[in-house]
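Inspection log for the structure reproduced underneath, given as structure tokens.
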Amino acid sequence: MAGFFKKIFSFGREEGKAVQAEQAAEKGAFAHEHRLDEDLAAEEGVPVAEAASSGDTAKGVPDFLVDEIEDKAAEADEIQNDAVKPATEHPDEAMLAPTAVSTTRVEQTAAPSRSGKLRIGAEVEEASEETTVEETPQQSWLQKLRSGLSRSSRELGNNLSGIVSKRKLDDDTLQDLEDVLLQADLGMETTTRITDALSASRYGRELTEKDIRSVMAREVGRVLEPVAKPLELDLSHKPHVVLVVGVNGTGKTTTIGKLAAKLTRGGLKVTLAAGDTFRAAAIEQLHIWGERTGSEVISTKLGADAASLAYDAYARAKENGSDVVIIDTAGRLQNKAELMAELEKIVRVLRKHDNALPHTVLQTLDATTGQNAMNQVEIFRNVAGVNGLVMTKLDGSARGGILVAIAARHQLPVYFIGVGEDIDDLEPFEADDFANAIAGVK
Ligand SMILES: Nc1nc2c(ncn2[C@@H]2O[C@H](COP(=O)(O)OP(=O)(O)OP(=O)(O)O)[C@@H](O)[C@H]2O)c(=O)[nH]1
């Protein structure tokens, strides 16, 4: 037995150990029957030219992505056992009429009232609450990140050793290096930064793999540093509304659960809205997260209007005094145009309450999908006004280079990374740790 101090308002990586025993018991409760190995994001390399010839039906959405999501929706429909009904289209007035909303009410321990701005990921307060939870040896999040990114780093190493063996840095070496860095999904901007920095300091001199890795870590760190920001919740407009969007299977619901756990442990009152009305399992999954985190869950029947549910959830969260309401959304509908229309509608309808809603639009990206994640950001940013990212599955066979390319292109804050399926596996994003892991620098 080992006692330790539980940090109540830290929202960081230290707290959370106190629920390990509970997690262990609950682990496995999630069937994950909807694991989407073949989600849209896995389909990489769709030629833009080929796709450009198809019709575009959603505002600001490249045609090839319309096709991709439509294809995935068709595939998913075949394998899905859920009895899916089409989302009903309501005129706005009808939509705002009361709907059959169900809630899971959960006993919450009395939480201190919070106000002002809170940074999620930073320590806010520490309490000396002794716990008696057995500490089980666990991989640290950094180990998980490193092992997740080891594939990227190992591939890079193999390619680099071919380039640098007994060669002085010349134009050919720089060209080879550029190819290797682009293959690692780092994107042209960051690749050029790295080759320019090496050229400036080592042109004509012998170059080792270690030299390249250390310049790479430094330059990637510089690209990531501006986007590594903690999520800020402004509780002056209680509840702070977080809309979570992303392609199916990228980890929206799981991330919502993990985030709710951080917030409730920090003394905040959270309401969850099951806005993925397309899939019964998603609604069920959110209810389980609600129970685990002591959050009230607002849901409705399968196939019901998601915008209406979001509208009702906000009203309920205001009524129940929530600090934060987190809204799940579908990652897939019958087709891509519908998905985009639904997201636009959720935003439009939420704004009937308050034009500033939603305050935060988080997009989840699956780190194992590589280049396609860039396309996903382009789409969801246009349609849903994404203003922050979470990269999930960095513990898996991650292809983390794309996060660097996305940071360089979009400069959207990366609030968290997902490093596992457990409740504690959501970590604040830290630029240097990530840069070192991807460059394979200790
Ligand atoms: N290894 C790992 N798995 C994760 C992580 N985040 C989510 N997952 C898993 O990824 C799968 C999909 O996660 P969900 O949260 O259901 O994804 P979603 O985006 O809500 O999917 P839809 O409801 O289909 O739109 C589940 O099996 C999760 O447990 C992570 O950081 N690491």
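Don't overthink the numbers, they just go from 1 along the chain as shown.
Using the three backbone atoms N, Cα and C, a Cβ is placed for every residue, glycine included.
Looking up the ranges 40-61, 260-281, 392-413 in TrEMBL, the one annotated as region 'Disordered' turns out to be 40-61.
When TrEMBL is compared with the stretches 78-117, 158-197, the one noted as region 'Disordered' is 78-117. In the three-state DSSP classification, Gly246 (GTP binding site) falls within coil.
Checked against ligand 1, the binding-site residues Gly249, Lys252, Thr329 give Gly249, Lys252 as the ones with a Cβ under 6 Å from it, listed in sequence order. Within the model, the domain 'SRP54-type proteins GTP-binding' (413-426) shows a mean pLDDT value of 94, rounded to a whole number. Broken down with DSSP, the domain 'SRP54-type proteins GTP-binding' (413-426) shows 0 helix, 6 strand, 8 coil.
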